Amino acid sequence: MSQDSKVKTTESTPPAPTKARKWLPVLDPSGDYYYWWLNTMVFPIMYNLIIVVCRACFPDLQHSYLVAWFVLDYTSDLLYLLDIGVRFHTGFLEQGILVVDKSMIASRYVRTWSFLLDLASLVPTDAAYVQLGPHIPTLRLNRFLRVPRLFEAFDRTETRTAYPNAFRIAKLMIYIFVVIHWNSCLYFALSRYLGFGRDAWVYPDPAQPGFERLRRQYLYSFYFSTLILTTVGDTPLPAREEEYLFMVGDFLLAVMGFATIMGSMSSVIYNMNTADAAFYPDHALVKKYMKLQHVNRRLERRVIDWYQHLQINKKMTNEVAILQHLPERLRAEVAVSVHLSTLSRVQIFQNCEASLLEELVLKLQPQTYSPGEYVCRKGDIGREMYIIREGQLAVVADDGVTQYAVLGAGLYFGEISIINIKGNMSGNRRTANIKSLGYSDLFCLSKEDLREVLSEYPQAQAVMEEKGREILLKMNKLDVNAEAAEIALQEATESRLKGLDQQLDDLQTKFARLLAELESSALKIAYRIERLEWQTREWPMPDDMGEADDEAEPGEGTSKDGEEKAGQEGPSGLE
């Protein structure tokens, strides 16, 4: 092999950075991997927020577990460092498109405040342990600068969790705990600075039995801080200026914290009520209306029981209003994932186009019937079909007691009445009484909605009508002669309509020609009128001629005046 071929072979091998990119992919900020990494970062950040300040204020805690603290400290530092690497491999949206170019990601990240805070949180301030000793955990306070990452993790979890209100309450409790924890640590540090047991306000002297234990020190400080910040108990009065300042700061913090907590709890409760109102109908107005209209107690009880069933069993009747803010395509996908399996079980909709079923799914209206309530009665005009989602319906006689059959979940009825099938002996009227045995959840599809959708799918309409004829033939409810007569009548009507359409086209053509002729005649008349107007302007009228004689200059008279003047001068000339 020649040297040139060796060079070409070497150049054709893929470079090493391409392999590295496979091992370090770009993360989608809305993806699962990024979400779980954020949740992982919660632990080192919470560790630094809670443990570092506690170790700084409780010396016994720092001295007793020094090796464990070193391991946890540098483990959290390692996670902090990895988090910076993750930030360099996390894409961002530009013009709605995820940017995966690592150079652009890095350039954008290093120009943000987040990068400066991340670097500052990793400054090795604990290197001062070499000179100051390993018992000064306050050197690690710069690790608190990574707190914005904690807030980001909480926000992502709140949007992803199935119980956002419960998570908001839990997040609020975490904030309250951290505030009380910090306050208790500062209280113990201030007591140590002022002297344990110097007065009733500071922490008691550890020389007393029981107060020397670390657990008692922390719990007493936490209890004292809870009393101050919640203002729900008697606390010893301060005796020194430092104690007064601490109490004033705590009281101000308590006022702000109380207002924040009440506002947050009110917001959570309001959101819960708003969500319930959006999902489930409010029965207060209906109850008030029934009382004002003096509805009988039995009917009022049935209405209230129906509302209670919806509320207790979390039944929704306004799915369209709930999903109205979603884009149309996304709303269709949600409806398909929820209801398509139910709709595809209906015989007349089997083997239909997927797009047709998707549009029909959006038209399904959930309905809930209470025990003993009739869904339809024999002889009623059928304007909708029903699909049983949950519950049992009975086909009963006219007396409402005798049962002929029981329909369960997944069955359907009324599908023939919403399709205009020629020769249907029952027409569009119901042929049976159907009553709900218990609480039943149904899907309703109206004839108008089906007609609106089928107007764009004529082939599917023909297929559905053919399936409906097959069903009626099996039920012996299809009059073939009547169907043939209706078909003949329809063909005759269509033929007449075609003839009328042809006549209408001919009339339109004649009318267009007549209109064109009228426009041409109008143009000719207008042209002739315009010529006459110009001619009348050029020819003088009799009155104008008399005025011209009066205003004529000497020597410029008419031919008659010239003749008279010549006749008078003739004799004189002869003389």
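Using the three backbone atoms N, Cα and C, a Cβ is placed for every residue, glycine included.
Across the coiled coil (493-547), the model assigns an average pLDDT of 81. Per Swiss-Prot, the feature coiled coil maps to 493-547.
According to Swiss-Prot, the feature compositional bias 'Basic and acidic residues' maps to 558-567.
Within its own chain, Phe258 (site 'Central gate') has Thr231 as residues 6 or more apart in sequence whose C-beta sits under 8 angstroms from its own. DSSP assigns Phe258 (site 'Central gate') to a helix. Sequence annotations record features per position, and here Swiss-Prot assigns site 'Central gate' to Phe258.
When Cβ-Cβ distances below 8 Å are used as the criterion, the transmembrane segment (39-60) is approached by residues 69, 72, 75-76, 79-80, 83, 135-138, 140-141, 143-144, 146-147, 149-150, 153, 157, 178, 181-182, 185-186, 188-189, 214, 217-218 of the same chain, each at least six residues removed from its ends. The annotation transmembrane segment is assigned in Swiss-Prot to 39-60 (among others).
Per Swiss-Prot, the feature transmembrane segment maps to 71-91 (among others); the stated evidence is similarity to another entry. When Cβ-Cβ distances below 8 Å are used as the criterion, the transmembrane segment (71-91) is approached by residues 24-29, 34, 37, 40-41, 43-44, 47-48, 51, 98-100, 102, 105-106, 109, 114-115, 118-119, 121-122, 126, 140, 143, 146, 149 of the same chain, each at least six residues removed from its ends.
Residues or ranges marked as transmembrane segment in Swiss-Prot: 117-135 (among others).
Taken from Swiss-Prot, the feature transmembrane segment applies to 141-159 (among others).
Residues annotated as transmembrane segment in Swiss-Prot, with similarity to another entry given as evidence: 167-190 (among others).
For 214-248 (among others), the entry in Swiss-Prot reads transmembrane segment, with the evidence type similarity to another entry.
Within the same chain, residues 164-165, 168-169, 172, 176, 179, 183, 225, 228-231 sit at least 6 positions outside the transmembrane segment (249-273) and bring their C-beta atoms closer than 8 Å to a C-beta of that stretch. The transmembrane segment feature in Swiss-Prot is assigned to 249-273 (among others); the stated evidence is similarity to another entry.
Panel annotation: around the transmembrane segment (167-190), residues 49-50, 53-54, 56-58, 154, 157-158, 161, 202-203, 217-218, 221-222, 224-226, 228-229, 242-243, 246, 250, 253, 257, 261, 264-265, 267-268 of the same chain, lying at least six beyond its termini, place a Cβ under 8 Å from a Cβ of the stretch.
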